[in-house]
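Engineer: Below are the features listed in TrEMBL for this protein:
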- B:21-39: transmembrane segment (TRANSMEM)
- B:73-97: transmembrane segment (TRANSMEM)
- B:109-128: transmembrane segment (TRANSMEM)
- B:134-155: transmembrane segment (TRANSMEM)
- B:160-179: transmembrane segment (TRANSMEM)
- B:185-206: transmembrane segment (TRANSMEM)
- B:380-400: transmembrane segment (TRANSMEM)
- B:406-425: transmembrane segment (TRANSMEM)
Amino acid sequence: MTVAAGIGYALLALGPSLSLFISVISKKPFLILTVLSSTLLWLMSLIVLAGVWRAFLPLKSNTWWPFAILILTSVSFQEGLRILFWKVYKRLEDMLDAFADRLAKPRLFLTDKMLIALAGGLGHGVAHAVFFCISLLTPAFGPATFFVDKCSQLPFFLVSAIIALAFVTIHTFSMVIAFSGYAEGNKVDQYFVPAVHLVAGMVTLVNFASGGLRGWHSSPLFHGNLNLVALWENGYEKIIRNQTVIHSR
Amino acid sequence: MAQNRRPKSVIDSLGEEIVRIVTPVSICMFMVVVLVSILNTGSSSSASSFNSIATIAYNETTSDSFWEKFKGALFNSLIFVAAITLATFVLVLLFYLRCTYFLKLYMGFSSFLVLGFMGGEIALFFIGDFNIPIDSITFFVILFNFASVGVLAVFMSKMAIFVTQGYLVVIGVLVAYWFTLLPEWTTWVLLVALALYDLAAVLLPVGPLKILVELAISRDEDIPALVYEARPVTNHDSESRNGVVRRRVWRERSSVGNGSDDNLNSGTNSNLSLDSDSVVDSNLTCGTVNSIGSDHNDRILIGAEQGQVLEREAELSAPLIDHRTSDQLHRQENSASRENLLLEGIGLGSTGAIKLGLGDFIFYSVLVGRAAMYDFMTVYACYLAIIAGLGVTLMLLAFYQKALPALPVSIALGVLFYFLTRLLLEVFVVQCSLNLVMF
């Protein structure tokens with residue numbers, strides 16, 4: 001595809017995260033470091049998964065059930081890592097609070113904690129988009145573009161970019177929801193995140209069905225929006241609650 | 001609404017110094033990747049006729065067997081590292097004999113060569129590839145001015161800090177691009193060999209860089225070297241300071257040029273102007289709590305006037321001094337003449353900002369540039385690995401408070417991630433994403 005189209009696809013997948021980065025994250029250097037480290041963590045998890053699955057690749061692209069197993073193992077591994085991430089984050093929070101006490105500064109606010117969770121999620125999302133979508137774009141510059149047999153109405157890269165956008169949204173906001181769920185012990189939140197991740201991953205398997213199930217391509221986007229809505233309600237509640245606590249002091 | 005103005009949280013400014021070092025490193029790597037992808041698309045990937053001291057033993061061709069390539073690359077790297085060791089010992093000797101002025105002149109001269117000749121060659125590649133209409137006289141005038149301003153920026157200390165930083169990054173980019181023209185096996189083995197050399201030269205008691213650092217500390221002089229110093233972080237929260245900022249520094253620093261002694265005793269206040277244009281060698285008078293000879297670190301400077309503990313620098317960036325100098329630069333001519341580009345490792349400048357030697361910039365970018373020659377997925381992986389290694393090195397720096405080499409951790413992680421990505425990850429991710437199976 002042409003360079004202009006390539007940039008378009010890249011912005012499609014990474015546009016919202018770029019604006020999120022510029023408006024929120026670039027103002028606080030600590031969040032930039034959080035984004036970088038969570039990206040690295042996601043990459044390492046991907047390498048471990050690739051190492052485990054290397055012996056079974058390449059899979060035949062006609063059958064869909066090996067991919068189902070692949071998605072199942074990958075999602076469960078990543079959700080397990082999220083719990084590990086949470087534990088590391090708790091320790092980091094304690095260190096930051098102790099540090100703030102020593103410097104006679106206020107401890108971490110609620111919004112700070114949510115910002116750190118957001119930065120972590122954004123790191124995961126950006127890593128996903130970069131490795132699954134952007135890395136396919138750059139070798140494909142040239143005069144023509146690619147289409148897939150199973151979905152011949154949309155260019156391949158457009159589909160890939162849209163799905164990547166959905167997963168960026170899912171990853172970004174899952175982290176916030178999961179962290180607030182772990183912090184408050186809210187079981188609904190805690191199980192919501194892996195469920196959404198798994199369902200969204202499984203839904204991408206419909207790409208094996210031929211005949212262009214066009215509607216299903218937007219299904220991961222639906223999950224992404226679901227995440228967003230859940231996040232909004234969650235976060236809004238917490239902030240309102242926090243403010244009433246402050247008022248009542 | 002509850003409060004009109006929320007007090008600043010602790011994460012507002014934490015890690016700012018690290019970001020100020022990570023940013024230029026990232027920019028340097030990005031520019032090298034861009035250069036590599038633009039200029040190398042036309043030519044084939046076979047070894048060019050690039051003769052330098054690093055290919056003196058063996059010039060790789062694609063038809064050799066695995067072991068021949070490996071042995072040849074090993075020979076090349078050993079010769080290169082031996083040459084660098086020799087040059088570093090010469091540097092230590094010159095520094096010991098107090099030929100500082102000569103070293104600074106040489107530093108300026110080599111920057112001029114890098115900017116003029118290497119920059120000129122790359123500009124010529126661009127002109128050739130893109131058919132830019134420019135005549136030779138204009139080109140020469142522009143190039144000459146560019147190189148001269150660069151020499152002044154690096155040489156003189158009173159230039160605007162942004163210009164100095166920009167030129168240092170440009171020098172790093174140019175040298176790194178030339179290194180990526182080496183044959184592939186030689187590049188990888190050379191990177192590993194240089195990381196090991198760095199480790200040895202800085203940490204072993206007989207290492208030349210350790211000797212150099214100790215000489216510099218004992219004489220309380222600055223090593224003339226090409227070092228990137230991040231803009232010092234100013235304390236925005238201090239209200240009633242009247243433009244006086246307290247900094248914790250490692251050592252007392254006499255201003256360069258005159259031999260006057262600005263050492264202050266403990267307990268006196270230190271005044272630093274908040275002029276953000278001041279760079280490394282400008283007129284700073286800093287006081288430490290202890291003299292250098294005792295080689296004692298003190299971590300926190302207590303503000304005598306207000307009884308406040310210093311800001312986050314007290315905890316995060318412990319005082320360190322590590323300067324390592326090494327020479328890595330070689331020209332394209334067939335002669336085995338060596339340039340001495342004086343570079344320093346990672347450490348703390350006199351204003352408390354983090355310093356990173358230009359050699360580190362160069363070799364990080366060489367690694368990423370070489371990864372770019374394969375595929376961009378390796379670029380992303382190696383970039384993350386190098387930044388992680390840099391972060392680990394900075395944390396070790398804060399922990400151990402002594403001279404540390406900046407190359408080994410990052411290069412080790414970068415090489416590891418490159419091979420892991422190339423062998424394992426790429427197949428996996430391409431399989432998944434080509435079938436639009438994502439998670």
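For all residues, glycine too, the Cβ spot is worked out from N, Cα and C.
Those TrEMBL annotations? Automatic predictions, nothing curated.
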Engineer: Are the transmembrane segment (B:21-39) and the transmembrane segment (B:160-179) close enough that 3 or more Cβ pairs fall under 8 Å, when only pairs 6 or more apart in sequence count?
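Structural biologist: Yes, the transmembrane segment (B:160-179) and the transmembrane segment (B:21-39) are in contact.
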Engineer: When you scan the chain for residues with a C-beta under 8 Å from the transmembrane segment (B:134-155), skipping those not six or more beyond its ends, what do you find?
Structural biologist: 104, 107-108, 111-112, 115-116, 119-120, 123, 127, 163-164, 166-168, 170-171, 226
Engineer: The transmembrane segment (B:185-206) and the transmembrane segment (B:73-97): do they have three or more Cβ pairs under 8 Å, with pairs 6 or more apart in sequence?
Structural biologist: yes
